[in-house]
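Note sheet for the following structure.
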Amino acid sequence: MSGSHQEQPLLENSFIEEDEPQETAYDSSEKIVVVGVDESDDEENWGRVPRFSWKKLWLFTGPGFLMSIAFLDPGNLEGDLQAGAIAGYSLLWLLMWATAMGLLIQLLSARLGVATGKHLAELCREEYPPWARIVLWIMAELALIGSDIQEVIGSAIAIRILSHGVVPLWAGVVITALDCFIFLFLENYGVRTLEAFFAILIGVMAISFAWMFGEAKPSGKELLLGVLIPKLSSKTIQQAVGVVGCLIMPHNVFLHSALVQSRQVDRSKKGRVQEALNYYSIESTLALVVSFIINIFVTTVFAKGFYGSELANSIGLVNAGQYLEETYGGGLFPILYIWGIGLLAAGQSSTITGTYAGQFIMGGFLNLRLKKWMRALITRSCAIIPTMIVALLFDTSEESLDVLNEWLNVLQSVQIPFALIPLLCLVSKEQIMGTFRIGAVLKVFCHSILHFDLTGHLLGAIMYLIKDFVMTT
């Protein structure tokens with residue numbers, strides 16, 4: 001296949017009126033130049049993939065770990081602890097396969113971004129008629145606001161735990177809102193500085209929840225059996241749906257396709273595009289393996305302490321720390337504060353990546369050419385204002401906060417198709433992806449995952465509605 005054929009979809013895909021400047025995920029000056037490029041690049045070797053390099057893998061490492069934050073946000077932690085408390089170790093296998101499905105979706109998102117040089121929101125703006133892209137944009141914003149409410153509330157709960165109840169929920173929301181300024185400050189120092197900051201937060205989560213795991217000492221045998229042997233009963237269907245539903249977040253699909261463009265890739269050479277895809281696949285897999293292990297830590301700690309107990313059905317983010325303290329005691333460092341530190345790291349990291357995703361979504365769909373601080377401020381305000389209202393309304397009612405969280409999960413369930421369907425359609429088109437479009441077998445497999453995920457989300461939404469109806473009547 002000739003180089004001209006490879007460039008054709010890129011030219012078609014980027015056909016815009018010349019006098020209209022386009023919003024891009026990263027300016028050329030912000031992109032990381034991957035060093036170690038072979039000297040032998042020429043017309044004959046345009047399709048050759050350079051040999052593996054650890055140095056290049058390190059330079060490509062970053063976007064996958066930012067993407068993995070969505071697998072570790074407070075909503076996921078709540079799903080983990082409830083699955084462990086109510087289902088014990090029996091849903092660990094589902095957690096593993098749900099993470100694997102999430103990885104495949106994220107790899108498709110990265111593939112779209114690398115092969116086209118544009119992220120999902122930009123491509124939706126260019127490929128769909130005005131009414132469709134407006135609907136997709138509104139749905140993406142609603143999904144982002146819903147997930148951000150959960151993440152900010154999670155951070156506020158952690159702040160209340162660490163302050164020993166002195167800081168109310170609404171004040172924790174205000175403190176969390178200030179992370180926008182941290183984000184803007186770090187962004188001025190380049191992509192690698194921002195990625196290093198998130199790596200530190202993931203490390204804090206890993207250490208905190210590993211410490212909890214060590215304190216609780218869950219059964220290694222039960223853990224292994226839970227991962228390897230599928231089990232599902234009628235009593236744990238709701239938790240199973242929660243495990244699957246929490247992992248694939250609509251805004252994360254948009255985010256990853258933009259993050260991969262932080263590296264400069266010569267898309268005129270097929271080998272260079274494939275090389276980037278290979279490195280991104282490795283680092284994304286490593287990132288989600290880390291997230292899977294952290295999720296296992298949380299699930300098994302609550303399985304060991306609360307499975308089969310009277311408290312199992314009443315545990316949520318708000319009271320989890322208190323129950324952990326009562327069950328496992330103080331220890332060298334009180335487990336209540338270990339939980340609070342891990343939860344705070346999860347909440348802060350996920351709210352900042354939410355701000356990041358909001359910039360790409362708003363800029364991509366609307367082609368806004370605003371300064372980054374202005375976009376971040378607008379994006380943050382869209383999420384913080386409703387979150388503040390929620391915090392003031394539900395500050396004194398833990399049960400109402402749990403019900404709200406369930407309704408937000410329903411919202412995410414409704415929004416999922418508006419991210420996954422455009423992704424699968426675009427990544428399957430030859431005129432957009434060229435030789436990097438997905439094949440028939442992978443396309444069928446991905447559509448099967450989509451149907452499975454949508455069925456799971458629909459089932460979860462119905463169950464939440466039935467549960468809410470029963471409780472109110």
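Note: Cβ is positioned from N, Cα and C throughout, glycine not excepted.
Your range for transmembrane segment, going by TrEMBL and the list 138-159, 336-357, is 336-357. Sequence-distant neighbours of the transmembrane segment (280-303) (same chain, 6+ residues past either end, Cβ-Cβ under 8 Å): 57, 60-65, 67-68, 71-72, 76-77, 80-85, 87-89, 91-92, 95-96, 99, 102-103, 106-107, 110, 114, 202, 205-206, 209-210, 212-213, 216, 218, 222-223, 227, 256, 260, 315, 320, 324. Sequence-distant contacts of the transmembrane segment (57-74), counting only residues of its own chain at least 6 positions beyond either end whose CB sits under 8 Å from a CB of the stretch, comprise 32, 34-35, 99, 102, 106, 110, 147, 150-151, 153-155, 157, 191-192, 194-195, 198-199, 201-202, 205, 247, 249, 251-252, 255-256, 259-260, 262-263, 276, 279-280, 282-288, 290-292, 294-295, 317, 343, 346-347, 349-350, 353, 356.
Residues 66, 69-70, 72-74, 76-77, 144, 147-148, 151-152, 154-159, 161-162, 176, 179-180, 182-183, 198, 201-202, 204-205, 208-209, 211-212, 215, 251-252, 254-255, 258, 317, 320-322, 324-325, 376, 379-380, 383 of the same chain lie 6+ residues outside the transmembrane segment (336-357) yet bring a C-beta within less than 8 angstroms of a C-beta in it.
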